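According to Swiss-Prot, the features are:
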- 64-78: compositional bias 'Pro residues' (COMPBIAS)
- 380: SUMO cross-link (CROSSLNK)
- 37: phosphoserine (MOD_RES)
- 46: phosphoserine (MOD_RES)
- 113: N6-acetyllysine (MOD_RES)
- 176: phosphoserine (MOD_RES)
- 299: N6-acetyllysine (MOD_RES)
- 309: phosphoserine (MOD_RES)
- 315: N6-acetyllysine (MOD_RES)
- 364: N6,N6-dimethyllysine (MOD_RES)
- 364: N6-methyllysine (MOD_RES)
- 367: N6,N6-dimethyllysine (MOD_RES)
- 375: N6-acetyllysine (MOD_RES)
- 376: N6,N6-dimethyllysine (MOD_RES)
- 1-314: region 'Interaction with CCAR2' (REGION)
- 57-82: region 'Disordered' (REGION)
- 93-294: region 'Required for interaction with ZNF385A' (REGION)
- 267-274: region 'Interaction with DNA' (REGION)
- 277-319: region 'Disordered' (REGION)
- 344-387: region 'Disordered' (REGION)
- 113: site 'Interaction with DNA' (SITE)
């Protein structure tokens, strides 16, 4: 191969040259500066020095100086585990009309499957779909002062969850389908069609609320209507997780002082009409009275007189005698012997009279007759010509 390349006058590639050929290609002038040359020469060892050192210590392998160990990095503080924020403050849910007669109202709607929002007066509960309009009417007996605001806040209804802040599930927080650019993604309650709405996160209680200025009713109207949206289903895992919630509506002045308070339960579901009809039927079956608006406790008390056990039937009176007319001597003798045998059996066993009558009626039912049960029979002897 080399001869063929030499004949053709082709030089081998650079990688095929010897080290001496490559060393000759280096420039003769010293690349190191004059200042660094002495120091570098002191560090270099000649081949004779290396051979002498190995002869003196053949058992010892050359050891390279260990580089200094890098300083151990300061361990970073562990990130706090993500958990639901807890609040030490539980807002009151007691109805307070105040001096302005503040109370809420809702539009009348049925339980059809097509409804997106319906209110049950018997349950004081609003059933609605996700992100659908929920009109809430604000009624006052006299106009509140200027600068009055309306605040809406959600809390859990059951006492074991009241300290937990109500917020949306992680899935709906990341979902951008219902984002309006105004409300924070973790807020459950939004106000529809009001650019003056303020979404607040309390630094002390960590609770979410939405505040809008109170507007007096329009001409020809007796109430003010605010359209709310609930942005997460009640069944969402990681959010409400099937835990009932209450929405508290408060009327406040410009300084935050309370002027009135009212509340109602909310269920966000796929079919509000069906769920309302089902819960109302269960409510009436249990015989519960209409619940008052939530006070100190959100649970309804069951009536003490309600009992699930069926009423017991009255037992027939003991010691009654009945006359049974039987046609035919042969049949009469058969029933008479049967009755005497039962009486004798009861006398020998020492049973109670009620038990003997029950056993006697059971035997008579097997014979195809239908006399009154639990009755003692008394027969009247008749002649062969009687009917």
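Every residue number used here counts from 1 along the chain in the order it is shown.
Using the three backbone atoms N, Cα and C, a Cβ is placed for every residue, glycine included.
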Same-chain residues near the region 'Interaction with DNA' (267-274), Cβ under 8 Å, at least 6 residues beyond its ends: 110-118, 125-130, 230, 232-235, 240, 244
The one of 113, 176 whose CB sees the fewest other CB atoms within 10 Å, among these modified residues: 176
Length of the line joining the Cα atoms of residue 113 (N6-acetyllysine) and residue 176 (phosphoserine), in Å: 27
Reduced DSSP assignment, residue 176 (phosphoserine): coil
The region 'Interaction with DNA' (267-274): DSSP-derived helix, strand, coil residue counts: 3 helix, 2 strand, 3 coil
PLDDT averaged over every residue in the region 'Interaction with CCAR2' (1-314): 80
